């Protein structure tokens with residue numbers, strides 16, 4: 001029977017060794033107790049010298065044990081308070097019991113607090129250290145050896161938290177949160193082919209509880225799912241959660257059971273539990289019989305779902321972030337996870353950019369504005385730059401075809417709409433222009449410029465517009481027109497006062513998909529007021545297909561109403577999977593000052609958007625004289641009615 005030492009010596013010949021159906025080394029059914037001792041000697045910085053029993057032990061200040069020569073003897077870790085053999089401690093100064101404690105000490109800046117406990121209060125750093133000091137020397141040494149192994153197992157968890165400052169796994173575990181499942185996000189990788197991946201599914205993952213020089217694997221089961229992230233537990237630990245760890249299930253190191261056998265990779269049980277069974281092969285056969293695992297082509301599907309048709313240098317038409325009433329030409333600068341960084345074509349230093357998803361309703365093919373009669377800012381660049389080319393029209397998100405032959409939207413009709421400049425509010429709005437192909441120009445009552453410079457474009461099937469009375473029925477606060485004093489606002493009175501009519505209910509989109517979202521679910525969401533940012537967020541309300549998104553750590557005034565199928569929502573772990581930077585909750589920020597500064601900037605940005613609505617007619621005229629082309633066409637549309645209405649307006653005498 002081979003033990004770990006034999007496995008280490010012959011690791012270079014691993015490909016020639018015969019493995020069973022699980023990928024385990026033939027005959028590797030148990031591990032001797034020599035495994036832990038041999039690995040400990042390999043990992044230690046220096047060989048531990050035998051203790052001279054003739055020397056007395058001196059207790060210094062009630063905490064640190066040393067010999068008179070000051071070199072050999074016992075020492076106390078300045079980070080965790082562990083008492084152990086001085087020569088076995090890490091570094092030349094012997095101040096820490098492990099690499100983990102040394103790094104944690106530096107990164108967490110705990111020097112002052114720990115020295116204070118050692119020198120001023122006289123209290124032991126931890127209860128564990130106090131207990132060890134009362135034991136005989138032999139017991140202390142034995143306890144130290146056992147504790148060091150546990151400390152090394154926990155090192156990775158400590159490093160993960162301090163390195164990034166925010167961990168989805170810790171955040172969810174410590175608060176018992178639930179994350180929205182991947183199947184809620186059809187536009188995200190694996191959103192349409194996630195399958196029945198759930199708890200108890202088994203996978204093959206790297207074995208981090210091992211001292212072998214080569215990378216080895218072991219089988220783990222999914223304990224909990226949070227988006228792409230899974231809490232895993234190695235087989236053999238049963239109810240012991242000591243080495244549970246989070247990982248992204250779509251990562252390159254996660255494989256279906258059987259992958260090791262097919263790839264010639266070794267399966268080695270974790271060092272902590274090697275003593276539990278004498279026949280690991282029989283154990284795995286029993287545990288895995290009838291268990292589920294990932295599909296064999298899972299990694300291939302992940303790779304395919306992360307291929308995006310948009311490429312750098314493609315030209316598109318996108319909304320002008322400074323004037324929502326018009327579009328401009330922009331060029332794709334980069335693509336991350338389907339999100340596009342667009343640089344406006346006239347930006348000489350390439351810093352005037354705009355972020356959105358490739359399925360966003362805010363981007364269109366070149367020529368779209370002219371075809372429907374939308375305002376368009378003509379570029380000063382008369383000729384395409386070398387390498388730039390127009391994006392094929394078929395790559396853009398398709399809108400439903402409309403039929404305008406019968407009853408249809410008309411200019412002046414009233415409705416309720418999400419304000420694109422303040423996404424936390426639904427406002428009283430008016431249809432100002434009817435464009436071709438079902439597109440509408442809409443203005444917010446009470447804050448419109450006379451020249452229409454603050455109008456915005458929604459499609460007739462957009463989930464961001466609603467019939468009159470929608471907010472009242474669904475107990476949502478409706479924002480009345482600015483300056484309107486007859487409160488509480490009542491639609492019946494307002495329509496009579498303005499001589500207006502409400503847009504027919506049957507013209508609105510009433511499709512409500514079975515989206516799967518629930519109140520309280522966690523996700524990653526784009527801050528649409530600063531679309532380059534993706535933040536930790538929570539679903540706080542669900543109204544049909546409309547979701548109220550709250551950004552964790554921020555005030556409710558920054559909440560946003562978003563459609564359940566918005567491409568600006570992502571599963572937990574999406575940023576990690578794609579390499580995009582995730583903004584942690586404000587309360588979790590490692591720098592409170594930075595958080596406060598960010599909040600001030602966000603408030604200033606919000607005020608800037610609100611202030612933008614006051615742009616004067618003179619400003620627009622100056623821009624028109626500067627060579628910009630604004631046109632409106634009232635073309636035919638082809639919108640289909642969506643059946644009976646689910647909304648109504650209360651009739652009052």
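Heads up, the Cβ atoms here are built off N, Cα and C, so glycines get one too.
Here TrEMBL flags 1-55 (among others) as region 'Disordered'.
Look at TrEMBL and you will find 68-103 tagged as domain 'FCS-type'.
TrEMBL lists 166-270 (among others) with the feature repeat 'MBT'. Using DSSP to sort the residues of the repeat 'MBT' (166-270) gives these counts of helix, strand and coil: 16 helix, 30 strand, 59 coil.
Sequence annotations record features per position, and here TrEMBL assigns repeat 'MBT' to 278-374 (among others).
The repeat 'MBT' annotation in TrEMBL covers 376-481 (among others).
Among the features that TrEMBL reports, repeat 'MBT' is placed at 489-585 (among others).
As annotated by TrEMBL, region 'Disordered' applies to 585-615 (among others).
Marked as compositional bias 'Low complexity' by TrEMBL: 586-598.
Annotation comment: TrEMBL describes 599-615 as compositional bias 'Basic residues'.
Each of 278-374, 376-481, 489-585 was scored by its Cβ pairs under 8 Å to the repeat 'MBT' (166-270), and the highest score goes to 489-585. On the 0 to 100 pLDDT scale, the repeat 'MBT' (489-585) averages 96 in the predicted structure. Helix, strand and coil content of the repeat 'MBT' (489-585), in residues and according to DSSP, is 19 helix, 31 strand, 47 coil.
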